[in-house]
Amino acid sequence: GDILDDYLRTDGVWILTRNKQSYKTNNEKECAEKCETETNFSCRAFLFTRKKLQCLTLAENTKMSLMFASTDAVLYEKRIYLLECKRGIGKDYRGTEAKTWRGIPCQKWAEKIPHKPNYTPQKHPNAGLEENYCRNPDGDENGPWCYTTDPATRYDYCNIPECEDQTTHTGEVECMQCNGEDYHGEVSRTESGLQCQRWDAQEPHMHGFTLKHYPEKDLKMNYCRNPDGELRPWCFTTSLTKRWEYCKIPRCTTHPPVSDPGSQCLSGKGEDYRGRIAITESGNACQHWNTQFPHKHGWNPDRYPCKGLEENYCRNPDGEKRPWCYTINRSVRWEYCTIPPCDGREQEIAGMNNVPIQVPLTEECYRGKGQSYRGTTSITASGKKCQAWNSMFPHRHEKTPDKFPDADLRDNYCRNPDGDNSPWCFTTDPNTLWEYCSLKRCDDHTQE
């Protein structure tokens, strides 16, 4: 497998840590190799910057250090150091539990008081004997343990939960097809071992993913699901410091059932459109989905295997109003495509049937702070595409239609639900949370 498979990747973040080493590398894989061979400390993570090609190996990860935004950086954390559950007897457990099952704090492995240890970091450098974390350096069948700070108890075992093995009650291994949008399994822990929050609960994290608003998404119990077209199933966690996380569900080795070849015309939003139109409504040629030039993007066919992202054909992988594509025009990032409607009638007639094909533009200016704006602009001032209000991808947020029922948070139209200076939206650029929209203030003389 790929060396990076052992790491959890987070784009656009930086963490503060004193214990680090700097290297010059050409790519993330070379930086991962530096982390694997680091001798100055136990390398838990590394940072890589694309512009400077700088590689920083780190002794700490996000569980131990502060994290903040940094556009050009990519953080890779070793999965084993994020796991708070044990596999088997937990010989490779590297979590941060530091008390026994009775609640007694552990003694540091490097200290000799109150107990003189047989297992020390010097004698067992590869056993992860750091701080006073529970470990299993001797392969004890009862799992991770530690020397205790109670003089009367030399050592005791720790209460580390078992990692979910992803098998159903019938004994079958759970797996997912495509990006797991149709996954209905019972895995309820994240890839780092955190317990999932129930979908019908709003604590510790408030959210808009309720059964009422997503009745067809099977949001049962606290099972991992993919209601919003993410890369794979995820859940909100019961940890106060981690809002959400992906779940580790393997891809099925069998191919998904062969569906129909897809529609060659536009029905609904065109999510099943598989025709070969590759030009936008203004005449720009489409960029190939598997290239990053002239526009960088995240819709890679390998990551989204069932979205029909072939060649440079117009598609609708994200539930937009209709099929679109990135263009080969440097100054136009993306545009909608004109796809003939399936009933063969004019688009205006189709519009009468509530098919959102070509919504006529209402007045594209705003008054005051724009809280009454109800137009259909969905582009920011810098030309970025708006994220749909009911979507949590690429940005999770609290500005959902159910929380602001009077703000008309439809599709991905620019709005001002919170009394900001003018209409705005979250963007589909993972590195830009939100921006004001490309809208002008109405001329005072414009007729109401």
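Every residue number used here counts from 1 along the chain in the order it is shown.
Positions of Cβ are set from backbone N, Cα and C atoms, glycine also.
Keep in mind that TrEMBL annotations are predicted by a computer and have not been checked by a curator.
As annotated by TrEMBL, domain 'Apple' applies to 1-80. Annotation comment: TrEMBL describes 84-163, 174-252, 264-342, 364-442 as domain 'Kringle'. What TrEMBL lists as disulfide bond is C175-C252, C196-C235, C224-C247, C265-C342, C286-C325, C314-C337, C365-C442, C386-C425, C414-C437.
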Within 10 angstroms of C425 (disulfide bond), Cα basis - disulfide-bonded residues out of C247, C365, C414, C437
C414, C437
Excluding near sequence neighbours, so keeping only residues 6 or more apart in the same chain, what lies with its CB under 8 A of C286 (disulfide bond)?
A278, I279, T280, N312, Y313, C314, C325, Y326, T327, I328, C337
Sequence-ordered, the disulfide-bonded residues among C175, C252, C265, C386 whose CA is within 10 A of the CA of C196 (disulfide bond) come to none
If you measure from the C-alpha of C247 (disulfide bond), which of the disulfide-bonded residues C175, C235, C414 fall inside 10 Å?
C235
Roughly how many Å separate the Cα of C175 (disulfide bond) from that of C437 (disulfide bond), to the nearest whole number?
41
Excluding its own, the Cβ atoms lying within 10 Å of the Cβ of C247 (disulfide bond) add up to 27
Cβ distance under 8 Å to C386 (disulfide bond), same chain, sequence separation 6 or more: which residues?
S378, I379, T380, N412, Y413, C414, C425, F426, T427, T428, C437
On a C-alpha basis, identify the one among C224, C252, C265, C365, C442 that is nearest to C235 (disulfide bond); the candidates are the disulfide-bonded residues.
C224
Closest of C224, C265, C365 to C252 (disulfide bond), Cα positions, disulfide-bonded residues only:
C224
Please report the Cα separation of C442 (disulfide bond) and C265 (disulfide bond) in Å, rounded to an integer.
38
Select the most exposed residue of C325, C365, where exposure means the fewest other Cβ atoms within 10 Å, treating these as the disulfide-bonded residues.
C365
